[in-house]
Amino acid sequence: MSSSLSCCDCLAHVCRRKKELKARTVWLGCPEKCEEKYPKNAIKNQKYNIFTFVPGVLYQQFKFFLNLYFLVVACSQFVPSLKIGYLYTYWAPLGFVLVVTMVREAVDEVRRYRRDKEMNSQLYSKLTNQRIPADMIFLRTSEKNGSCFIRTDQLDGETDWKLKVAVICTQRLPADLFSISAYVYAQRPQLDIHSFEGNFTREDTDPQVIESLSIENTLWASTVVASGTVIGVVIYTGKETRSVLNTSNAKNKVGLLDLELNRLTKALFLAQVVLSIVMVAVQGFVGPWFRNLFRFVVLFSYIIPISLRVNLDMGKSAYGWMIMKDENIPGTVVRTSTIPEELGRLVYLLTDKTGTLTQNEMVFKRLHLGTVSYGTDTMDEIQNHIVQSYAQSASPPSNATPGPKVRKSVSSRIHEAVKAIALCHNVTPVYESHAIVNGETESAEADQDFSDDNRTYQASSPDEVELVRWTQSVGLTLVNRDLTSLQLRTPSGQMLSFHILQIFPFTSESKRMGIIVREESTGDIAFYMKGADVAMASIVQYNDWLEEECGNMAREGLRTLVVAKKSLSEEQYQDFENRYNQAKLSIHDRGLKVTAVVESLEREMELLCLTGVEDQLQADVRPTLELLRNAGIKIWMLTGDKLETATCIAKSSHLVSRTQDIHIFKPVRFRGEAHLELNAFRRKHDCALVISGDSLEVCLRYYEHEFVELACQCPAVVCCRCSPTQKAQIVTLLKQHTANRTCAIGDGGNDVSMIQAADCGIGIEGKEGKQASLAADFSITQFKHIGRLLMVHGRNSYKRSAALGQFVMHRGMIISTMQAVFSSVFYFASVPLYQGFLMVGYATMYTMFPVFSLVLDQDVKPEMALLYPELYKDLTKGRSLSFKTFLIWVLVSVYQGGILMYSALVLFEAEFVHVVAISFTALILTELLMVALTIRTWHWLMVVAEFFSLGCYLASLAFLNEYFDLSFITTWPFLWKVSAITLVSCLPLYIIKYLKRKFSPPSYSKLSS
């Protein structure tokens, strides 16, 4: 008891120690002022160390019932009274399995150790185009504008560049950083990579300088500096860095087939014990019957074959290799080799929308100004308006006639809208090769710096980049941007300079972003804002068209953004700036206070325009979804996008077929509303369901069971406005409420939790980076490859493993049946029939290759499996491996084992050594013929394996003098009697198979004929 208590205390202590993450104050260049001890800045991905390796691997092996059982049997052989035959017949197979496992684990461990060592031994002085080793505050950079770009693909899965800003106080400092007395206060380490609160304080000035620090002053570990060099002060190291805190240990996934086989193994164990008890009971429980019982258990231990795990694991590796070598799905990677059979058992497919079903490549389609709307065919009109308005602003106004006044107003509105879109964003133009090389040419307006061919735009959202590209196409070009200024070029080549006063970045909570700029030529200050219609509807002035037009655009499948403006006087802005800076310095509830100050500006804004951008579908999405639907797979789309866009993509991708009704679940907030809405939905039949994340939350809180039951009856379900945790929650719900297998597919960092929660996770290497594909069990390059992955590879893996598993069991049961017959004939003596090398050879050299060659078998050609996806429905019922098929194999084993043994005893009364020779030879031949009977499609390697094994057996006869009488096994009586016994054991099964194929053929054979 005391030891278990001390273990608990120890565990509690470890957990407690892990929780204590504290805020800290870090002094520049004064390590002696730091009282606390912080973790070493080392990465450790290893599972074990030198002391825990052997116990750890052994525990992982022996927690399986199968392996533990063999260990007990092998250990029993050290007890003299229980010893049966030679030690090596029990320890050799077990040792082999353990050695293979340990070598595999050791190789993985050494690889991890080397990778860690390489990462941990890197030396850093200045960071340039290298991975950042620890979480830092960005103090200064070689770039003149005091900012730099970093790439965050390894942290959040996004491939675009992010702009980071140096602390103003240290960036301006002419001298060495260590010459000042300053410190950084940082909040305690936390999971959120998109937020940070801290302060920078310089003490040796009067008054002391305090600057607030936010997420844009940070450089997180595992990101890469993409421009210039940076100097920073480290605030979090090792286990406390954001990247390590966000690394969740993925749970080990176990396939359904493995669980089914484990159940069958337990049933076999039960049968073995019952058989042993029967043997002892027939003896009459005489003498030391308990010892005899255990000897019988050991004798029949071959009922449960130790080679089952080895064969299945090798089979899984073979399937993985075949998937990666398939030329029809290039670039596919198997990251979890333990669950390829799961691909053949899926009932639910949960997919992300953006980047998975769509390309995440945006095309600007529509601009709506309330009274007038422009599409792709009328963009030239906008261009003309822009050219006119800038030409007029350059020349003195002429006497306007009453006619053009209306045109002038439309023109000015277009001008305002395009200008707002060109200013309100987080896009930065980047110039390569002969672009801005050093700071001096920054303000130069030389053509070669700003040549259009040399410019690429970087931003955190593809929508933003497309909007800026569009303003360039209509004549207003973003040519330069740094932290404090922004330059646009008009169609006539004139430069407009703007001073950036504040930026409010986009967040998933606010669903909008804003910017305050001052135009340098006029001094006018304007606050521009753009965002989702739900967020902007309450911010803009009253209008009667916004909601309707948003709905119209969403029905066309466009992503909409509302753009608005507010002009500010100098006094208004100064008042705002003071309150804003005050809020930014507060330590408690900083976020809330800052939001409140910004919201005081977001009132009665002038609505300028509504933009519509289209996200194009991936290649072959429609035929792939149709294929999956025909295969009986129910597809759920989980997306963070808004309801209208999601519904539209569901229709255009044929996730919902043209004839199907769509039931849009009304927004519900309370239990009563949810109850009524669920009743309304219950009355609908065969219609797709569209529901938002908020309503889903309410339904799951009060009516979880009812909701899941109804949703599972739908042919398709679309959940919009889903957070990453909600996506994972839906996967877990489906796993709990239905006993079916789920598959999740996505391409971004926000899909990782869903992919890890599903029985089978598939990641697509997409625009959003590699995070999803690295976390997944299988990684593909295009959505359309999922069809072949499931229909062909999933089918083959499941069918082959089921056949292989059952055949290996049959191989063990047949020899145990023979042992039982032998013992019962010889006065129930617990004496082994086959000793020493015969038993080891039987499970390895003589039958291993033909049995393992079953992993090359296929019942249907790949083309046929893709042409008739309906065949996949049979697999999900799990009929290839069930108690029914297992019982059939048991009967076959009992029949064959009985025939082989009795026939050998009947035909050979003379010498016992002949009985062993006859029965063993007939057994080997029977096994080889049974493999041939099980195979559905022959492969040349199978033929080679059959003849190679037969050759091995015949060659070894010459050396096994202690078991075989050589003079006898070369005689005719031996040959004809062995042939007769083999024929009796196999022929009836061949006849039954032929009749079954003729009168009750399986669905696939009807097609292949």
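For all residues, glycine too, the Cβ spot is worked out from N, Cα and C.
TrEMBL labels come from automatic prediction, so no person has curated them.
Values in this document were obtained by computation on a predicted structure and should not be read as measured data.
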The annotated transmembrane segment range in TrEMBL, which must be one of 53-72, 293-312: 293-312
D751 (Mg(2+) binding site) to D352 (active site, 4-aspartylphosphate intermediate), Cα to Cα, whole Å, comes out at 7
Grab the same-chain neighbours of the transmembrane segment (912-933) for me: Cβ-Cβ under 8 Å, and only residues 6 or more beyond its ends, written as numbers and ranges. 807, 810-811, 814-815, 818, 833-834, 838, 842, 846-847, 850-851, 853-854, 896, 900-901, 903-905, 942, 946, 949-950, 953, 963-965, 968-969, 974, 977-978, 981-982, 985-986, 989-990, 993
Among D352, K353, T354, E464, F506, K530, R559, T639, G640, D641, R721, K727, N750, D751, which the record lists as binding ATP, how far apart in Å are the two most distant Cα atoms? 27
Take the C-beta pairs under 8 A between the transmembrane segment (293-312) and each of 88-107, 808-830, 886-906, 940-960, 972-992. Which stretch has the highest count? 808-830
Roughly how many Å lie between the Cα atoms of N750 (ATP binding site) and D352 (active site, 4-aspartylphosphate intermediate), rounded to a whole value? 9
Rank 88-107, 808-830, 836-856, 940-960 by Cβ pairs under 8 Å to the transmembrane segment (267-287) and hand me the top one. 808-830
At least three Cβ pairs under 8 Å linking the transmembrane segment (972-992) and the transmembrane segment (88-107), pairs spaced 6 or more in sequence? no
My understanding is the cutoff is Cβ-Cβ under 8 Å with a sequence separation of 6 or more in the same chain; which residues meet that for D352 (active site, 4-aspartylphosphate intermediate)? M637, L638, T639, K727, I745, G746, D747, G748, N750, D751, M754
R559, R721 as binding-site residues, winner by CB count within 10 A: R559
Is it the case that the transmembrane segment (88-107) and the transmembrane segment (836-856) have 3 or more CB pairs under 8 Å, with pairs at least 6 apart in sequence? yes
